[in-house]
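One structure is given below, encoded as structure tokens.
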Amino acid sequence: MTTLLDNVFNGFALGAVYALVALGFVIIFKASGVMNFAHGSLLLLGGYLTAVLHDDLGFAGALAVSVLVTAAVAGAMDRFLLQAGGADPHTAHVQTIVTIGVDILVLTDLSRRIGGDLLSLGDPWGDAVSGLGPVTVADSRIAAIVVSTVVIAGVFALFRYTSWGLSLRAAAEDVEAASLMGVRLTRVRMLAWCLAGALAALAAVFLAAFPAPGLERTTGQIALKAFPAAILGGMASPPGALAGSLLIGMTEALVAGYQSELHVLGEGFGDVAPYAVMVLVLLVRPTGLFGGKAAVRV
Amino acid sequence: MSERLSRTRAVRVGWTSAAVVVLCALPFYLDAFWLRIGLFSMAAAVGAMGLGLLSGTAGQLSLGHAFFLAVGAYGYVWLAGEPGPGLPTGVAAVLAVLLAGTAGGLFSPVAGRVRGVYLGVATLALVFLGHHVLLTADSVTGGFNGRSVPPLELGGLSFSADPGLTVLGVPFGAEERLWYLGLALFAITWFTARGLLRGRSGRALVALRDSETAAAVMGVDVSRHRSAAFVVSSMYAGLAGVLLALSFRRVVPDYFGLVLSVDYLAMIVIGGLGSVAGAAAGAVFVTALPLLMTRYADQLPLVAAPGTTDGTVGPTEAARYLYGAAIVLILLFAPDGLHGLVRRLRTRLGRRRTAPPPANATSPTPSPAPDARAKEPTP
């Protein structure tokens, strides 16, 4: 019973962190129709900045700077590289491949800097644990859940109550109509990228915190697991991304937790279980769990 | 007009035969290092042409190419080797290609229905799941350390260095023999891919890419064509996998990771989406660049010798910077890739050559427009 609770809690915490990343994907996809393959390197950039700055600025200062810088980098990437060919939504798949090129560049540079090291982010939770009823949980995981919940609620409030959120939803619905109504697509898009970058930098902190050993050059690959999360929910639906993230987090934690019973599937199956779940869901629903059936007008 | 057409055809045939002669003569002059670069490039080109059919022509983004390469490579090793059925190597190679096609076919319930970016991520799953299987299914794949590859034997000729062979005074080792195998397979895939693209099914795929609804209305069976493109592309990948395995002589799981898939995507983007020649050119660029930079690291500015770890830029990293930048720059400034650049250059040169000599200096510059329009219908 305790094992089950343990695993469920871990899954919830993982899901909360994945949700930060997956929400970023979905925001970008909604705003620009681009699948951002550079999200992993944005996340790594955020983590790396926090790691190198926390000695001088303290953890909070370093995190603030890294969130801002990552947001700026994401925004600049969209504005100067992706939108350079015009904001024409029909070129979205070309822009998707541009993000792969950017990913190669940023990832190569960061891997070269990080090398084989494990960087500490200097987070205040360290390896402390607390008892929560019958289970013992890491403080960093509690922090992950709390921070993610607050931030995600904030993002949804942005969608719902600000004029930017309204513009974003309008642009996602119908680009031309939104543009005719005076929505400045360029800026709405760029802000969406900034927001996604900020979320990725924040997620990096929790992905590198205890019980993970620290920030390594492969940390960015974790962002790839948010792909299944976003796809499961149906790319264009933020609530779907949350549900998908929780499902992915739970799957991963449960498969890893009950590994001894599942040894038929091989060691380390927990790492790839999210992908297996995604393929199974896509077989049944090709546009994800929450994705609507696309109607095409000719 | 027809005279000019037949002349261009004659010129093209001339160039092609010249290229074939040069390629066939190369093993007599180059050493093993260059031949190995050539081999890897040819193998990559075979795979890239397959991906080009899928992503460039049918407009389906696939990040699962590494998986199908792995199926081809490991399929051959297992079928021809011990442990495994130990089939004759030629049969094993053919079966490995079919196996990769079957793997693509098994994925077609997903590939036929899932579109665009969704398919990209779904195929991402194949790479990770495949890598996991390669690591854990020890008895078939040899686990983390991989397996050594039995050399191919066709009609008594072994594609390895073992029974020594001298042709016209040049000793023919494994590289020289594999070069001709690679060349033959490259030619076969080149012509089949072009045939597919220019034929009925190629037009159906292009129609699908441009507008699915319109294609369906015109009578194109959407999900059948999409699955078929996926299967054909997996078979090309399987063939490339076999060729790669033969050139590497050892297969390891870590080679067939996501990076490899991205490399193949980079090849077709750099070469120009939807063009067979472009895919081949991109394959040569992406494959040869890191190898060349490693070899000539000490002569290049800003690049440290391989093995230094003091945070300087090593040759592999330098190569990755270059082709990351190449992807971004090409898509920004020449979205049709190397293929488009060459075509534009050729049009410009051709125009200059065929432009009439100015009769008198006062006449306005001859407008190139009618000439360009006359060229347009030429396929």
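A Cβ is built for glycine as well, from the same backbone N, Cα and C atoms used for every other residue.
The shown structure was predicted, so the numbers you read here are calculated from the model rather than taken from an experiment.
Nonlocal intrachain contacts for the transmembrane segment (A:12-29), taken as residues 6+ away from its ends with a CB within less than 8 angstroms of a stretch CB, comprise 35-36, 39, 43, 137, 141-142, 144-145, 148-149, 151-152, 155, 168, 192-193, 195-197, 199-200, 202-203, 206-207, 222-223, 225-227, 229-230, 233, 235-238, 240-242, 244-250, 252-253. Per TrEMBL, transmembrane segment is recorded for A:12-29 (among others).
According to TrEMBL, the feature transmembrane segment maps to A:36-53 (among others).
Annotation comment: TrEMBL describes A:59-77 (among others) as transmembrane segment. Counting residues 6+ beyond its ends, the transmembrane segment (A:59-77) has Cβ neighbours under 8 Å at 38, 42, 45-47, 49-51, 53, 99, 102, 121-124, 190-191, 193-198, 200-202, 204-205 in the same chain.
Residues 12-13, 16-17, 19-20, 23, 27, 125, 130, 132, 168-169, 195, 199, 202, 206, 209, 238, 242 of the same chain sit 6 or more residues outside the transmembrane segment (A:142-161) yet have a Cβ under 8 Å from a Cβ within it. According to TrEMBL, the feature transmembrane segment maps to A:142-161 (among others).
For A:190-210 (among others), the entry in TrEMBL reads transmembrane segment.
Among the features that TrEMBL reports, transmembrane segment is placed at A:222-248 (among others). A Cβ distance under 8 Å defines the sequence-distant neighbours of the transmembrane segment (A:222-248), meaning residues of its chain 6+ beyond its ends; these are 11-12, 14-16, 18-19, 21-27, 29-30, 35, 39-40, 42-43, 152, 155-156, 159, 172, 200, 203, 207, 274-275, 277-278, 281-282, 287-292.
Long-range contacts of the transmembrane segment (A:272-292) within the same chain: residues 225, 228-229, 231-237, 239-240, 243-244, 247-248, 251-252, 255, each at least 6 residues beyond the stretch ends and with a Cβ under 8 Å from a Cβ of the stretch. What TrEMBL records for A:272-292 (among others) is transmembrane segment.
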Please report, as numbers and ranges, the same-chain residues at least 6 past the borders of the transmembrane segment (A:36-53) whose CB is under 8 Å from any CB of it. 21, 24-25, 28-29, 59, 61-63, 65-67, 69-70, 73-74, 77, 96, 99-100, 102-103, 106-107, 110, 113-114, 119-122, 196-197, 200-205, 207-208, 215, 217, 219-224, 226
